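Taking it in order: structure first as structure tokens, then the write-up.
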Amino acid sequence: MGSAILSDLGAEILIPVCAVIGIVFSLVQWVLVSKVKLTPGGGREGANNGKNGYSDYLIEEEEGLNDHNVVLKCAEIQNAISEGATSFLFTEYQYVGVFMVAFAILIFVFLGSVEGFSTKSQPCTYDPLKLCKPALATAGFSTISFLLGAVTSVISGFLGMKIATYANARTTLEARKGVGKAFITAFRSGAVMGFLLAANGLLVLFIAINVFKLYYGDDWEGLFEAITGYGLGGSSMALFGRVGGGIYTKAADVGADLVGKVERNIPEDDPRNPAVIADNVGDNVGDIAGMGSDLFGSYAESSCAALVVASISSFGINHELTPMLYPLIVSSVGIIVCLITTLFATDFFEIKTVKEIEPALKKQLVISTALMTVGIAIVSFIALPSSFTIFNFGVQKVVKNWQLFLCVAVGLWAGLIIGFVTEYYTSNAYSPVQDVADSCRTGAATNVIFGLALGYKSVIIPIFAIAVSIFVSFTFAAMYGIAVAALGMLSTIATGLAIDAYGPISDNAGGIAEMAGMSHRIRERTDALDAAGNTTAAIGKGFAIGSAALVSLALFGAFVSRASISTVDVLSPKVFIGLIVGAMLPYWFSAMTMKSVGSAALKMVEEVRRQFNTIPGLMEGTAKPDYATCVKISTDASIKEMIPPGALVMLTPLIVGIFFGVETLSGVLAGSLVSGVQIAISASNTGGAWDNAKKYIEAGASEHARTLGPKGSDPHKAAVIGDTIGDPLKDTSGPSLNILIKLMAVESLVFAPFFATHGGLLFKI
């Protein structure tokens, strides 16, 4: 079969070095962002105009304004947003911490009971003549890796939020010098989060594998079974981050829009609106902390799925370390590729006009994908033997290294296709969103009809892209191929996250400009940054959903192997009832999250109305609103409302596995995957289209758009209503669904030995 060109020592050095380079690069970006000072007169006297505006005066005189109070106001608003976001996350993490400890105990008890808490070594699955570590060891190490994944996920989300709140006012201030400087500040800040998360996720996983190996020795199957807890920890924290943060942000957003924009006819982010700070806080806790945890979970799970399947293939059986670590090497090269790609946006080219923003972000996706294809080809050649065997449902399938390269590459390019299709359906530069905007002429009802139709239609090409990826990767390398295809889609995660985090940072920058009373020209620049950010956020969600489909299918394959199921027969009643119930779960979950947003928004609307009606001088701008009460309403509602959807996702695999057994559970996983992906894509794209249709009318950049405007016109009011309906779809239900399908699959994989041994109680009666 041959051996890999890259030595085991080379692989052991390459992975941590790439991770450390990613962390150092993120810190360099943070230092560059921090050079934008939040104090009046922060520029250096007599400094020459340097590249990207970091050595010239902090605030240029514009339109006769040189008001230091504006800078102080920006700093004050940023502090309020940062404090609100930090306060919410600390409150959320207290609840999540209790769950984390309780679930860790559950993992240990369930997995330890598989062999009756025996400490005796067991015959190995791949060779009954050899002895492997006891089930109790797997229980203990699975629990440790679960806690590691959970803590890493929480830290990833928290750091992302802190960086975003640090950068938003700085982006606003840079917008006074030009749109290019503001873009670079927002993008660098997104890159800090992207590289920190990608590098930390990789480094912690690599260290965990090496530490666990000290105990497991040659028992690689047991070692990589224990590592699956890492993915479960990452995704379970992401679920609460996504759902809790999503409910928070949309309750505030809907409340602010309905009363402020529709009823009172005041601008978005007007400081007179009591919900405006809560709305800006929500962007950070939902779109930044939630998205960070979500994509970390996807990365951890796809790596774990690939490692589990590889451990019972020739790599694991023959103890070939470099090929075994192939998924981690792909991610390592991804960090270097993303680093080079980021320089294209921040250093090699300079943005001078508003029109160049969106193309610059799209180029990031294309450049990273093209470079990564070359990177994967090199890695596949040096880190894999020319041919090897992969476990395929009871038999070993011979695979060539070029076939595995194609598996990763097809996932990578499918991600790009999904990204561009998402952009086409959600950007107001193209006809689908413009048609939705045009439908506002006849009111909100036609706007809603057109938006829903757009969302349903936008599912077609991404599903075909996912289907082709699955067919190619499974044909070449069975379930391992699907796992590395998912990893291929996520290999440019640092760039994807940088683009995604850029959106909320720009959104906040626009809000701060409005609240600080900056000129109309500044607001136009931040609006342009924000509109591009809306599209890139939709692209990020498309990536997250597409990768979730591949990840959950790979986890499903690993679960079927680990639970010793030879075939999943759809015609079997046990499987079919699981299939139909599993397909229902995303609808149940969406209903819970949508209603949660509605309930929280209802309280917010009542509070905002109360303040407008009872605080004298609020509308005139002579009195200050009570922002703190609105922040508290969003915090309390989201913490309370995130528990039922979270419980639904976490308890379903346990209940089905214990009472109905592994066959029914396999049906549930397949059903939730198939229906969840469709609903997630359509919900995210519908919401994104409605949002950008509203922005298209507000911007009035084309003759067509001007016939629908200006702000406050009937078509604009209809567009605001569509945007308000779409908010919970694109920022709560849609993005949370990809966690549902991944989390149920990885949880089933972790508990598979218990379900296979003790499950199916109802069928045993």
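Using N, Cα and C of the backbone, Cβ positions are placed for all residues, glycine too.
As recorded in TrEMBL:
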{"type": "TRANSMEM", "residues": "13-33", "note": "transmembrane segment"}
{"type": "TRANSMEM", "residues": "95-114", "note": "transmembrane segment"}
{"type": "TRANSMEM", "residues": "134-161", "note": "transmembrane segment"}
{"type": "TRANSMEM", "residues": "182-209", "note": "transmembrane segment"}
{"type": "TRANSMEM", "residues": "324-345", "note": "transmembrane segment"}
{"type": "TRANSMEM", "residues": "365-390", "note": "transmembrane segment"}
{"type": "TRANSMEM", "residues": "402-426", "note": "transmembrane segment"}
{"type": "TRANSMEM", "residues": "447-472", "note": "transmembrane segment"}
{"type": "TRANSMEM", "residues": "478-499", "note": "transmembrane segment"}
{"type": "TRANSMEM", "residues": "543-565", "note": "transmembrane segment"}
{"type": "TRANSMEM", "residues": "571-589", "note": "transmembrane segment"}
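Counting Cβ pairs closer than 8 Å and at least 6 residues apart in sequence, the transmembrane segment (13-33) and the transmembrane segment (402-426) reach fewer than three and form no contact. Remote same-chain partners of the transmembrane segment (402-426), defined as residues 6 or more beyond its termini with a Cβ less than 8 Å from a stretch Cβ, comprise 326, 330, 362, 365-366, 369, 372-373, 376-377, 380-381, 384, 432-433, 454-455, 457-458, 461-462, 465-466, 468-469, 472-473, 476-477, 480-482, 484-492, 534-535, 538-539, 541-543, 545-547, 550, 684-685, 688-689, 692. Residues 645, 648-649, 652, 656, 660-661, 663-676, 679-680, 733, 736-737, 740-741, 744, 763 of the same chain lie 6+ residues outside the transmembrane segment (571-589) yet bring a C-beta within less than 8 angstroms of a C-beta in it. Within the same chain, residues 15-16, 18-23, 25-27, 29-30, 32-33, 36, 52, 145, 148, 152, 155-156, 159-160, 163-164, 166-167, 170-172, 174-175, 223, 227, 230, 234, 288, 292, 295-296, 299-300, 303, 307, 325, 328, 331-332, 334-335, 338-339, 342, 345-346, 351, 357, 360, 493-502, 505-506, 509, 525-526, 529, 533 sit at least 6 positions outside the transmembrane segment (182-209) and bring their C-beta atoms closer than 8 Å to a C-beta of that stretch. When Cβ-Cβ distances below 8 Å are used as the criterion, the transmembrane segment (324-345) is approached by residues 6, 11, 14-15, 17-19, 21-22, 25, 29, 184, 187, 191, 194-195, 198-199, 202, 205-206, 209, 220, 299, 302-303, 306-307, 310-311, 315-316, 360-361, 363-364, 367-368, 371-372, 375-376, 378-380, 383-384, 404, 408, 483-484, 487-488, 490-495, 498 of the same chain, each at least six residues removed from its ends.
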